[in-house]
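**Student:** The structure follows.
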Amino acid sequence: MSKYEEVAVHGYEEFCKAVSDRKGKEIFAYFSGDKDEHGKSWCPDCVKAEPVVRAELPHLPEGTVFIYCQVGDRPYWKDSNNDFKKTLKLTGVPTLLRYGTPQKLVEEECFKADLVRMMFTED
C-alpha cells in the first residue's frame, strides 16, 4: 500500500471534482497532453518528463494526493481560452504543481529529478 493516493483524470471538470472530493488534503497535480491509443502523448516534453516525475513519487509526503491530469488534445490545449490556462494559469505542459500554492515546475523543469524531489519534500 502506497502512502499517497494517485488519481487519474481527463479534462478540467474531472480535475476540479478530484480536487473538491479531496478537500483538506495536500494535492500535487501533474498536467500532460492527452495520450493516444498507444499510451503516447502528443506532447514530446510530457513523454520525456513522465518517467522522471513517476520515479520521484515515492518521495511524496504521507497522506498526499497525486492527480495525473490529461489536459486534452493539442488544438484544445493551444486555445488560449481553455480552462487550464484561464483558471489555473497554466502556461505549458508538462506542469507539476503543488495545488493552492505558487509552487510549480513547467516544461523542461519537469525533466530534473532534483527539482521534482524538492517540490515533493519541502514544506
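Keep in mind that glycine also has a Cβ here, set from the backbone N, Cα and C atoms.
Values in this document were obtained by computation on a predicted structure and should not be read as measured data.
These came from Swiss-Prot, pasted as-is:
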| type | residues | note |
| --- | --- | --- |
| ACT_SITE | Cys43 | active site, nucleophile |
| ACT_SITE | Cys46 | active site, nucleophile |
| DISULFID | Cys43-Cys46 | disulfide bond |
| DOMAIN | 41-123 | domain 'Thioredoxin' |
| SITE | Pro44 | site 'Contributes to redox potential value' |
| SITE | Asp45 | site 'Contributes to redox potential value' |
**Student:** Averaged over the domain 'Thioredoxin' (41-123), what pLDDT does the predicted model reach?
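**Tutor:** When the pLDDT values over the domain 'Thioredoxin' (41-123) are averaged, the result is 96.
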**Student:** Other than its own, how many Cβ atoms are within 10 Å of the Cβ belonging to Asp45 (site 'Contributes to redox potential value')?
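**Tutor:** Excluding its own Cβ, the number within 10 Å is 18.
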**Student:** What are the DSSP helix, strand and coil residue counts for the domain 'Thioredoxin' (41-123)?
**Tutor:** 39 helix, 14 strand, 30 coil
